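Let me begin by presenting the structure, written as structure tokens, before commenting on it.
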Amino acid sequence: MPLVNLTSRVPATFILVGIPGMEQLHIWISIPFCTMYLAALLGNGVLLFTIWSERSLHQPMYLFLSMLAVADLTLSTTAVPKMLALFWFSATEISFGACLTQMFLLHFTCSAESVILLAMAFDRFVAICHPLHYGAVLTPSAVAKTGLVALLRSFCIIFPCIFLLKRLPFCGHNVILHTFCEHIGIARLACADISVNIWYGLMVPFTTVALDLVLIAVSYVFILVALFRLPSRTARHKAFNTCGSHICVLLFFYVPIAFTAITHRFGWNIPRHVHILLANLYVLFPPLLNPVVYGVRTQQIKEKVVKVFVCPKSHFLRE
């Protein structure tokens, strides 16, 4: 009998409301969201195919960029299809297991992306500050191990959230005022003390992300010192260009996630629909803009994209 009571306190499904107060605008909101999602799929897909098909791009910098593209695709695909189904077909229900899976993948991908951005900063640090040791330090084995570290660290940080949520009784509360499932949003439905969830969700992930940011900042201090010491103006401009692309990607990733986290926990005066719109844009903007930044600012990628997608077509037309 106690077992029956316990299982009945865990909802079979959750109800995703979408954007509270803007239900009548869901169809209109879905149009730009769907457009951005398709553009993100196209941009990251082109980037991955170009890096995969061109052997000259099988270098640490571009391998890290391909990892970032995979993380971006995972981030947006985890949230956006269900969001669009909610907007278009009123598919508000999501099972308890699917909700936990979505929550895990979203937070897991964000954590992994932070490690990848740190690895990209380290790549630029070695390339600019210790160019003679670049090949010896950033070997294919080192790149593969970095990807494995990103996966393992993210798994170890986020996986406990599943157990922290499964231990909670929900007492029939199953309405999530959001378009997707995330840790604190689910925990707040529980009819029990969620202090552990709040402290773990706030301290552990953000401590690791803050450590990544500190290490990235230290890397760029050394990079800037080395840049100003370069005798060649052309070399300095080229180094600034590659670092500028990475800095743009850092801003696209860390600024929205920091703003979303702060408003979610401390911005009580900010309307809920504003917070949810910003959270939705967070899973769309970085995947959309990252391939654009690297495609536009990195000459080598632009040339290879033209070679892969334009030259074969031109050659076919000549034949």
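Here, residue 1 is simply the first one shown, and the rest follow in order.
Glycine is treated like the rest: Cβ placed from N, Cα and C.
Per TrEMBL, the features are as follows:
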type	residues	note
TRANSMEM	27-49	transmembrane segment
DOMAIN	43-294	domain 'G-protein coupled receptors family 1 profile'
TRANSMEM	61-80	transmembrane segment
TRANSMEM	86-108	transmembrane segment
TRANSMEM	115-134	transmembrane segment
TRANSMEM	146-165	transmembrane segment
TRANSMEM	186-203	transmembrane segment
TRANSMEM	209-228	transmembrane segment
TRANSMEM	240-262	transmembrane segment
TRANSMEM	274-294	transmembrane segment
Inset, instruction - Could you pull out which residues elsewhere in the chain have a CB under 8 Å from any CB of the transmembrane segment (240-262), counting only those six or more residues past its ends? - result: 61, 68, 110, 113-114, 117, 120-121, 124, 127-128, 206, 209, 213, 216, 220, 223, 227, 275, 278-279, 281-282, 285-286, 289-290, 293-294, 297-298
Legend entry - Residues of the parent chain within Cβ reach of the transmembrane segment (115-134), under 8 Å, 6 or more residues beyond its termini: 60-61, 64-65, 67-68, 71, 146-147, 149-150, 153-154, 212, 215-216, 219-220, 222-223, 226-227, 239, 242-243, 246, 249-250, 253
Inset, instruction - Report, as numbers and ranges, every residue of the chain located at least six residues beyond the transmembrane segment (61-80) whose Cβ falls under 8 Å of a Cβ in that stretch; write 'none' if there are none. - result: 33-34, 37, 40-41, 44-45, 47-48, 51-52, 102, 105-106, 109-110, 112-113, 116-117, 119-120, 123-124, 127, 140, 143, 146-147, 150, 179-180, 242, 249, 280, 283-284, 286-287, 290-291, 294, 301
Inset, instruction - For the transmembrane segment (186-203), could you work out the same-chain residues 6 or more beyond its ends whose Cβ comes under 8 Å from its Cβ atoms? - result: 14, 99-100, 103, 160-161, 164-165, 168-171, 173-176, 265
